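Q: Mind having a look at this structure? Questions to follow.
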């Protein structure tokens, strides 16, 4: 039994300590340090992940939250190496580059929001004659047929949707009639 116990503790030591790999990185410490840097300089994870690591924000978030020990990694080592290289750069080089990227991203997002936002529909206002005519028809017929609505729309110079909306709104507003 003592032999099995010694073997387990030997394995635990090798998982946490650098092996023969010259590039060994303490992934937990690296994740904490990078998180602090990103917070200190108000750099969004999405910008850092895209610009420095060429990965998604979700991938970076997972790596920072639950870093695997170095010797258990296969594919993630390159990402941690890039993090280390970035942290070793002088602040003068690494921070302004990401801040510029962040401000560009914000600017392009706000511009695309303006372009993507549908223009607000202009409120249709009826003339007095149109209103009187529509209300007179409404008093006689609460729910005119589509053909009747088309005829009214043509007569008053309105589109069919405006006339249909008028009658629908009038029925809602004048439920007592």
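Placement of Cβ uses the backbone N, Cα and C atoms for every residue, glycine included.
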Q: Could you check which of 1-23, 24-46 is flagged in TrEMBL as region 'Disordered'?
A: 1-23
Q: Of 50-73, 74-97, 98-121, which range does TrEMBL call region 'Disordered'?
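A: Range annotated as region 'Disordered' by TrEMBL: 98-121.
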Q: Between 0 and 100, where does the mean pLDDT of the domain 'CUT' (16-102) sit?
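A: Looking only at the domain 'CUT' (16-102), pLDDT averages out to 84.
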